[in-house]
Amino acid sequence: MKPSSSNSRSKGHAKARRKTREELDQEARDRKRQKKRRGHAPGSRAAGGNTTSGSKGQNAPKDPRIGSKTPIPLGVAEKVTKQHKPKSEKPMLSPQAELELLETDERLDALLERLEAGETLSAEEQSWVDVKLDRIDELMQKLGLSYDDDEEEEEDEKQEDMMRLLRGN
């Protein structure tokens, strides 16, 4: 037995229904209305464009008429080659100023404290400390200062104070 052909058509896929004249006319009117609406809304340039396109998060909408503020050269500009400036040497400080800088150097103080605490420094740090201490010695000799003079003066003052005390004012 053959299955009936009428049953197979109805179960497979339904036949597309033809639209009536009224439905076709309504769709034509809708298409015509949409065609008239194409393009930008009137006044969109001055008003700042479409306000529903995510301007909710911005406080002030950006004016589309305002462009870049970078100046544009109007004529042919000559290429300017930059001349490399020679690196200027460090400004020469007076020996007194250089000595003050070295004495107040935080890195030098920290490394000297580590040395006094008994820590061993790396070769690079040790050489840096040696260079700085040598420079301090040179500057003190130039200025006529020495650590020994300060200690001797303090000892002299202590001896004078002792003598005054022994004499009994």
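Any Cβ shown, glycine's included, is placed from N, Cα and C.
Fair warning: this is a prediction, and the values are worked out from it, not measured in the lab.
Record features (Swiss-Prot):
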REGION    1-99  region 'Disordered'
COMPBIAS  10-19  compositional bias 'Basic residues'
COMPBIAS  20-30  compositional bias 'Basic and acidic residues'
COMPBIAS  31-40  compositional bias 'Basic residues'
COMPBIAS  49-58  compositional bias 'Polar residues'
REGION    146-169  region 'Disordered'
COMPBIAS  147-159  compositional bias 'Acidic residues'
COMPBIAS  160-169  compositional bias 'Basic and acidic residues'
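Counting only same-chain residues 6+ beyond the ends of the compositional bias 'Basic and acidic residues' (160-169), none has a CB under 8 A from a CB of the stretch.
Under DSSP, the residues of the compositional bias 'Basic residues' (31-40) split into helix, strand and coil as follows: 6 helix, 0 strand, 4 coil.
Taking H, G and I as helix, E and B as strand and the rest as coil, DSSP gives the compositional bias 'Basic and acidic residues' (160-169) the counts 8 helix, 0 strand, 2 coil.
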